[in-house]
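What TrEMBL records for 6-100 is domain 'Pyrroline-5-carboxylate reductase catalytic N-terminal'. Feature annotation from TrEMBL assigns NADP(+) binding site to I9, G10, A11, G12, R13, M14, A72, M73, P74, P75. Taken from TrEMBL, the feature domain 'Pyrroline-5-carboxylate reductase dimerisation' applies to 163-265.
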Amino acid sequence: MKKPTILFIGAGRMAEAIFAGLVKNSMDHIQEIIVSNRSDRERLQSMEKKHGVSITTDWKPEVKLADVILLAMPPGVHSQILEEMSPLVKGQFVITVAAGIGPSDLEQRLPEGTPVAWIMPNTAADKGESMSLYAPGKNVEEKHMRILQLILDGIGESEKLTEEQVHDLTAITGSAPAFLYRFVELLENAATEHGISREQAKKLVGQMVYGSAVMLKAGSDAKELREQVTSPGGATAAGLDVFSEYQFEKIVSEAVKATNKKAREGH
Ligand SMILES: NC(=O)C1=CN([C@@H]2O[C@H](COP(=O)(O)OP(=O)(O)OC[C@H]3O[C@@H](n4cnc5c(N)ncnc54)[C@H](OP(=O)(O)O)[C@@H]3O)[C@@H](O)[C@H]2O)C=CC1
Ligand SMILES: O=C(O)[C@@H]1CCC=N1
């Protein structure tokens, strides 16, 4: 397979997590990573220095050099960028990571036959630990699937789903890291109320979350793990009763719904 040149449009947090993951794990199979954004030149320069990627403030001339164009800008600017890009696209593989922009949206806005795909990653891509959902478009062939897999494998684990499923699971893998981090922040705050430093709180909570993630990753069921911790009539049960009293289940279910609703409205 010819090593692909990948052009990023957007150099924000998600773009950086992806190209950082690719630079660490996949550069043997990639010709070049070119990164562009709208206006933040300083950020581009810092990305060049930190990750060794090529940078440009004008993505348009780079389109003809690219095998893959990876859209990592906000959902709301996709229609404008795709309109500008469409006349320049000649068979390049166009991938978006934007919430709410499925392959059928890309196909509608790009020349007939353009191979496209949608990846919904998360920021753990930076450490090669993303859980990425993906949905290829109808013109994706074997050679595009190999490139898609190269990108997905460079940033972590992945699961192929339908376009509708990616819409409906954006909250679970794309946004829920923020839910988890919010939970961590609150536990850290609670910990510092008891005479320990922020650093100590960070260590306590971080290792607790890491250990729990390792147990889950080993294949154990979350319900079973919860029950192992919850001694009958004991301390944890008293804490979990408060979760029920304040309808934690409803909070999570409503947060997932609100996230997916907003994601679908994103363009
Ligand atoms: N953050 C996350 O965890 C996840 C994000 N995503 C998706 O990733 C995308 C980016 O999100 P995120 O990285 O958080 O956002 P950021 O705000 O961090 O980054 C947005 C980037 O897009 C660039 N940009 C904005 N408008 C244009 C334009 N008209 N032309 C070219 N570049 C433009 C910005 O450039 P400049 O700074 O110069 O304005 C910036 O580099 C979104 O579509 C989001 O849905 C998906 C999964 C997870
Ligand atoms: O907050 C957002 O809109 C993006 C989509 C998934 C995670 N971050």
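Numbering starts at 1 and runs along the chain as displayed.
Positions of Cβ are set from backbone N, Cα and C atoms, glycine also.
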| task | Please work out the number of neighbouring Cβ atoms within 10 Å of the Cβ of A72 (NADP(+) binding site), leaving out its own Cβ. | result | 25
| query | What are the non-local neighbours of I9 (NADP(+) binding site), defined as same-chain residues 6+ apart in sequence with CB under 8 A from its CB? | reply | S36, N37, W59, I69, L70, L71, A72, M73, I81
| request: Kindly report the helix/strand/coil residue split of the domain 'Pyrroline-5-carboxylate reductase dimerisation' (163-265) according to DSSP, in that order. | output: 86 helix, 0 strand, 17 coil
| task | Count up the helix, strand and coil residues in the domain 'Pyrroline-5-carboxylate reductase catalytic N-terminal' (6-100) according to DSSP, in that order. | result | 47 helix, 20 strand, 28 coil
